[in-house]
Amino acid sequence: MKAVVLAVAVLFLTGSQARHFWQRDDPQTSWDRVRDFATVYVDAVKESGRDYVAQLEASLGKHLNLKLLDNWDTLSTTFSKLRSELGPVTQEFWDNLEKDTEWLRQEMNKDLVEVKEKVQPYLKNFQEKVQLELEHYRKKVEPLGTDLRDGARQKLQELQEKLTPLGEDLRDRARQHVDELRAQLGPYSDQMRQRLTQRLEALKDSASLAEYQAKAQEHLKTFSEKAKPALEDLRLGLLPVLESLKASFLSSIDEVSKKLSAQ
């Protein structure tokens, strides 16, 4: 488990963009980030799992002649092969879905762009007001900082008393600006929600959505057909491992039974 935790921690701490900074690659897609995370996680599980199996074989497996470590390596090889075979198929599936839903994203973006243009002046005005408030607060606090440096500890209590009402005033004025912005953007939020609802309702009965559903089902069917050979290879690869474990276990039970009968 330590290897798994370490792998996940390293992935999140370094970030998905870290390697692109050094390699100068293009930004990753969502699928690339998911695939990289899954690869790191599976490799970590495989390594930590092998360590655990080795410990188990040392304590128990040798007595029962289970050959756990050999079977684990066989399983790891089988799953690695499955992952490499399904990788291109899965990538193709998501690429096709992304291409087929491009029209849907474009329809949604039309409304978003229109609303963004309308609310931009309010956001800009809000930002300017906040900056003015901060500048006003800074000018009021600056002389107090000078007094503190001159009077040192003696004026610390006095400075705190002066800063408290200034901070409260800044907080109240900021809340006022936020409430004002919320009131200004409220109608646009409602409008956007209504238009999005109307757009989705229209899409339910549209030929485009029906066509997309048909394509999605077709992609799923294609994915299933292409993945079937890889899954069959996995099943065939697991059979010898399971048979080996079964034979070893039965042999061990038979040996133990003979020893007990001889006593």
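All residue numbers here begin at 1 and follow the chain in the order shown.
Every residue gets a Cβ built from N, Cα and C, even glycine.
According to Swiss-Prot, the protein has these features:
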REGION    66-263  region '10 X approximate tandem repeats'
REPEAT    66-87  repeat '1'
REPEAT    88-109  repeat '2'
MOD_RES   Met108  methionine sulfoxide
REPEAT    121-142  repeat '4'
REPEAT    143-164  repeat '5'
REPEAT    165-186  repeat '6'
REPEAT    207-228  repeat '8'
May I ask for the residues of the chain that lie six or more residues beyond the repeat '4' (121-142) and have a Cβ under 8 Å from a Cβ within it? 163, 166, 170, 173-174, 177-178, 180-181, 184-185
Within the repeat '4' (121-142), how many residues are helix, strand or coil going by DSSP? 22 helix, 0 strand, 0 coil
